[in-house]
């Protein structure tokens, strides 16, 4: 069977798949699997805020994509018993956009801003007073007739999510009273998440099949659930409708996702560094140009997992692949070094 290069991270969900995605999201801390330390701390912070009848301190959630930042934000609102509004940094283009969202919040509501590192500087400055003093100052008119009007806001909790916390300005970061980092999930927890999702989707899934999918899910629940949906398709068309180990392996191989969870782009990154740059070191921008990919996407989406799993490392001079990458790709590290010294 011809392999399909399926980039699970860039796959665009249909509206129906988005409904499935929402149906799979836990709605309470009790149902949320993984991130034990983060969840335990949030339980305490949320309970304390409820006992005081106050808005929860502003929360910053950071970590790689797909680890549950949006889900946790929704759970925070559910546990507080307040409203939940969602927006993102790129959408808030002007101060007026931010003002419209902030003035619509009821007391103690949760406002979730995804990709908060992508806020424009002018919008970010308006956010400072909103976070600290629950007010914003809006300029009316222009020129000599311009004047500032102060608008009081209801107390609220801002939950900011970012995959690139290093891009946050120091003043914005300092205004978050709660700062939490999300880690990759281990395979056992991912396997439990997959079995829970399979139950919600009403598709039988064996323990071993769930473990097989989990092992190729890059420690990421979003990827695990996306792979589950695709394996379910294969089970319905090529199998009996149930997901067992055999159909799971068949589907994942057809999707060109290897036993480490690496997909076509991951392997292209490693091959490019080896074949074109003799294993590195090489700069990120150079890698991106050679691949025709965005440097930010490589740094944010692909690189963290490759480094975590030991296929790549960062050095002061650039990115280098490791001996494990050579073994994984069936390449000879000695041959590469020999070529380097012969140049």
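Cβ coordinates are placed from backbone N, Cα and C, and glycine is handled just like the others.
Of the residues proposed, 175, 195, 230, 232, the one Swiss-Prot records at the same ATP site as 24, 25, 66, 69, 70, 71, 132, 133, 134, 185, 222 is 175.
Of the listed binding-site residues, namely 314, 319, the sparsest Cβ surroundings within 10 Å are found at 314.
The DSSP secondary structure for residue 70 (ATP binding site) is helix. Looking at the residues that bind ATP per the record, 24, 25, 66, 69, 70, 71, 132, 133, 134, 175, 185, 222, the two CA atoms farthest apart are separated by 37 Å. Counting every protein chain shown, the Cβ of residue 185 (ATP binding site) has 24 other Cβ atoms within 10 Å. Spacing of residue 24 (ATP binding site) relative to residue 314 (DNA binding site) is 36 Å (Cα to Cα, whole number). Counting every protein chain shown, the number of other Cβ atoms lying within 10 Å of the Cβ of residue 134 (ATP binding site) is 16.
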